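Annotated features in TrEMBL:
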| type | residues | note |
| --- | --- | --- |
| DOMAIN | 6-123 | domain 'Alcohol dehydrogenase-like N-terminal' |
| DOMAIN | 163-285 | domain 'Alcohol dehydrogenase-like C-terminal' |
Amino acid sequence: MALGIDDISIKITHCGVCYADVIWARNKHGDSKYPLVPGHEIAGIVKEVGSNVLRFKVGDHIGVGTYVNSCRDCEYCNEGFEVYCAKGSVYTFNGVDADGTITKGGYSSHIVVHERYCFKIPDNYPLASAAPLLCAGITVYAPMKRHKMNQPGKSLGVIGLGGLGHMAVKFGKAFGLHVTVFSTSVSKKEEALSQLGADKFVVSSDQEQMTALVKSLDFLIDTASGDHPFDPYMALLKTGGTLVLVGFPSEVKFSPASLNLGMKTISGSVTGGTKDTQEMIDFCAAHEIHPMIEIIPIQYATEALERLVKKDVKYRFVIDIENSLK
């Protein structure tokens, strides 16, 4: 099949393992279309470019995130917020593309994507590190920028220390914030403080530790997907503070007083548009921010999904496609 004039043919070298891969590989939402190829944290090398492609040339390092198409004509697409496309963006895998085909993701050796949805990865930034930025990284970076969390000296709380949470800590420190991690696993304390650079670690089930922090935080990023109460966290925000939800618990429940009395904001977010994504990749390269990853061969993918469900990963699996998918 000939390459479309705006398309880029990519040799995939690495693909991050995201909880989305578990959801659709195992048909958790009842809408999986098999045969299914998961993977939406894709890094690789440009193999071929269509005649209209200007931003990339053969041999360039390139990334693809959670979506590969959109209407390119609505107010959101026009502002570089393609992920919020009014007609719905086309997901990188298990999505229905404009021509009716089902999209296939990054657990594969190649992918063809329209130039608009591809990102330049600087040559000095490792492709394995770049992969998790394309979902985990941008999911926290976009709302942090949107809610002006890049103000040095302010205080940030990060709820949940997984793929998303550990990136929120890294960005928070790079933005000059005082960062507190909230986790149910005390086993993560040492690493959060020493390796990720968090300033404080709180076991969220410890009433005393939680009470000590009432009205002390400017921002909270909630990455926890397990069910948890919201009122105790809302109480930690200062007047006018903001909680951003990026996880998907089964419900969000809090008292109106938790919101109203302190003039607080609760906000949601998914990944991010093309503009924010490229900005984040460049920021990570400039500040030498790298996700903590465990590199695995493709043959280990099923086991990796199993371990991800058990939260047994620090903090993102990355499949070495290039050396294991022959």
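Yeah, the Cβs are placed from backbone N, Cα and C, and that goes for glycine too.
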Residue distribution over DSSP helix, strand and coil in the domain 'Alcohol dehydrogenase-like C-terminal' (163-285): 48 helix, 29 strand, 46 coil
Within the domain 'Alcohol dehydrogenase-like N-terminal' (6-123), residues counted as helix, strand or coil by DSSP: 17 helix, 37 strand, 64 coil
Segment confidence, the domain 'Alcohol dehydrogenase-like N-terminal' (6-123), expressed as mean pLDDT: 97
